[in-house]
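The annotation active site, proton acceptor is assigned in Swiss-Prot to Lys178, His296 on the grounds of similarity to another entry. Sequence annotations record features per position, and here Swiss-Prot assigns substrate binding site to Asn126, Thr176, Lys180, Arg297, His329, Ser381 based on similarity to another entry. The Mg(2+) binding site feature in Swiss-Prot is assigned to Lys204, Asp206, Glu207. The feature N6-carboxylysine is assigned by Swiss-Prot to Lys204. Feature annotation from Swiss-Prot assigns site 'Transition state stabilizer' to Lys336.
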Amino acid sequence: MNAPESVQAKPRKRYDAGVMKYKEMGYWDGDYEPKDTDLLALFRITPQDGVDPVEAAAAVAGESSTATWTVVWTDRLTACDMYRAKAYRVDPVPNNPEQFFCYVAYDLSLFEEGSIANLTASIIGNVFSFKPIKAARLEDMRFPVAYVKTFAGPSTGIIVERERLDKFGRPLLGATTKPKLGLSGRNYGRVVYEGLKGGLDFMKDDENINSQPFMHWRDRFLFVMDAVNKASAATGEVKGSYLNVTAGTMEEMYRRAEFAKSLGSVVIMIDLIVGWTCIQSMSNWCRQNDMILHLHRAGHGTYTRQKNHGVSFRVIAKWLRLAGVDHMHTGTAVGKLEGDPLTVQGYYNVCRDAYTHTDLTRGLFFDQDWASLRKVMPVASGGIHAGQMHQLIHLFGDDVVLQFGGGTIGHPQGIQAGATANRVALEAMVLARNEGRDILNEGPEILRDAARWCGPLRAALDTWGDISFNYTPTDTSDFAPTASVA
């Protein structure tokens with residue numbers, strides 16, 4: 001029996017239309033109530049002059065799911081009403097009349113299980129160059145628990161890492177070997193030994209030290225692991241150094257990782273620029289080989305820093321936790337790199353929470369249940385020194401790696417003295433905190449007292465004092481004034 005003519009007329013009109021507005025094609029539904037199984041995304045959009053914000057939001061939903069520029073009859077061969085993403089809410093951005101927050105819901109069946117590459121191809125693959133929108137930024141996402149459970153997450157996590165290192169109750173300490181380029185393998189190993197012997201837990205390759213003419217990767221691995229073993233024997237502590245296995249092909253990265261494992265390394269490192277498939281592959285390798293995976297967020301500033309266009313680092317942090325890294329650089333707030341204190345704390349929450357609660361002051365727009373995924377150890381690195389120890393512990397607590405590169409290797413008395421200065425400052429601050437003192441306000445006094453019996457710390461404070469890089473952050477909260485760390 002044929003359907004009534006009125007029922008047939010509606011789809012016929014739709015498919016005869018050629019080009020329709022996205023909101024008329026079903027990509028806007030202001031009455032939609034997101035389901036627990038929906039994947040949610042929040043975009044900051046800047047529509048072109050004269051473009052309706054609701055239409056712009058519907059366009060984002062359409063172009064990140066099933067739409068193209070014209071109506072296609074093959075929609076009728078799919079469950080198109082289910083597969084269409086739905087923009088369901090548009091809010092003006094506070095104090096910015098040109099921008100709007102656009103909330104979009106995606107049915108879970110649009111995404112492949114356990115694949116960040118597939119997720120990103122949909123969510124950010126096409127919409128950011130769409131002409132009706134001047135600029136777009138992916139601010140936050142919420143993943144349903146069913147989707148989270150398709151990822152293995154970090155292979156080690158914070159608790160297991162502390163158990164392997166036998167180090168509890170304080171932040172971990174590290175340093176990036178400097179200069180990042182130009183050292184021979186032997187001299188590189190000497191720097192690693194001095195830093196670990198002086199009291200650091202980790203040393204680290206920088207993002208662009210791979211295998212250059214001045215130092216082949218195999219030489220670096222050999223000299224570094226010799227230094228790690230000697231420092232461990234001298235101090236009685238478990239030590240490590242992040243060996244960067246980033247290379248031009250996955251096959252070469254696996255080869256370097258296997259060599260690091262054969263030398264007894266407990267940790268390897270990769271750069272963010274290797275891509276999501278590579279990150280997940282290396283995470284799987286680390287899980288199979290009981291290795292810690294450290295990720296340096298090289299290149300992230302090209303798309304995370306600008307507030308009007310790109311992808312917020314809180315989203316990158318969520319993807320990285322799903323992808324399975326054990327460490328990730330998340331900012332310092334007080335160092336040389338971009339970072340508003342409240343916004344950076346939001347990144348740390350994403351790494352360390354079992355359940356992340358909505359917190360607009362820290363840029364967290366959604367609740368996120370991380371199910372059984374292990375926690376990621378955040379890393380604070382870039383322009384920090386012993387004189388900021390009280391600020392760092394106040395901001396980030398214990399579960400963090402504090403990496404003092406220049407703040408160790410630039411010490412006037414040498415590398416080992418620089419490491420000792422940082423270790424003494426850390427121990428003094430943790431002790432004072434555990435005794436109930438207000439370390440944020442009393443921090444300088446606590447450091448000066450500790451420096452009375454520690455020459456390296458005294459020299460560090462004399463050299464760097466209370467130096468901070470006080471520039472106005474670019475990526476700040478829209479719902480709170482920029483916070484001071486002092």
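Backbone N, Cα and C atoms are what each Cβ position is placed from, and that goes for glycine too.
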Other same-chain residues whose Cβ falls within 8 Å of the Cβ centroid of Lys204, Asp206, Glu207, the recorded Mg(2+) site, in sequence order: Thr176, Thr177, Lys180, Asp205, Asn208, Ile209, Tyr242, Asn244, Met269, His296
Nearest-integer angstrom distance between the alpha carbons (Cα) of Arg297 (substrate binding site) and Lys178 (active site, proton acceptor): 18
Proximal residue to Lys180 (substrate binding site) among recorded positions Lys204, Asp206, Glu207, His296 (C-alpha distance): Asp206
Three-state secondary structure, which DSSP defines for Lys178 (active site, proton acceptor): coil
Candidate with sparsest Cβ neighbourhood (10 Å radius) among Asn126, Thr176, Ser381, the listed binding-site residues: Asn126
Glu207 (Mg(2+) binding site) and Ser381 (substrate binding site), Cα-Cα, nearest whole angstrom: 12
Pairwise CA distance, Thr176 (substrate binding site) versus Lys204 (Mg(2+) binding site), rounded so that it is a whole Å: 5
Those recorded positions, out of Asn126, Lys178, His329, that come within 10 angstroms of Glu207 (Mg(2+) binding site) at the Cα: none
Cβ packing number for His296 (active site, proton acceptor), 10 Å threshold: 25
Those recorded positions of Asn126, Lys178, Asp206 having Cα within 10 angstroms of His296 (active site, proton acceptor): Asp206
Pairwise CA distance, Asn126 (substrate binding site) versus Lys178 (active site, proton acceptor), rounded so that it is a whole Å: 40
Packing count at Arg297 (substrate binding site) (other Cβ atoms within 10 Å of its Cβ): 23
Alpha-carbon distance [Lys204 (Mg(2+) binding site); Lys178 (active site, proton acceptor)] in Å: 10
Rounded distance in angstrom between the Cα atoms of Asp206 (Mg(2+) binding site) and His329 (substrate binding site): 12
Integer Cα-Cα distance in angstrom, His329 (substrate binding site) to Lys204 (Mg(2+) binding site): 12
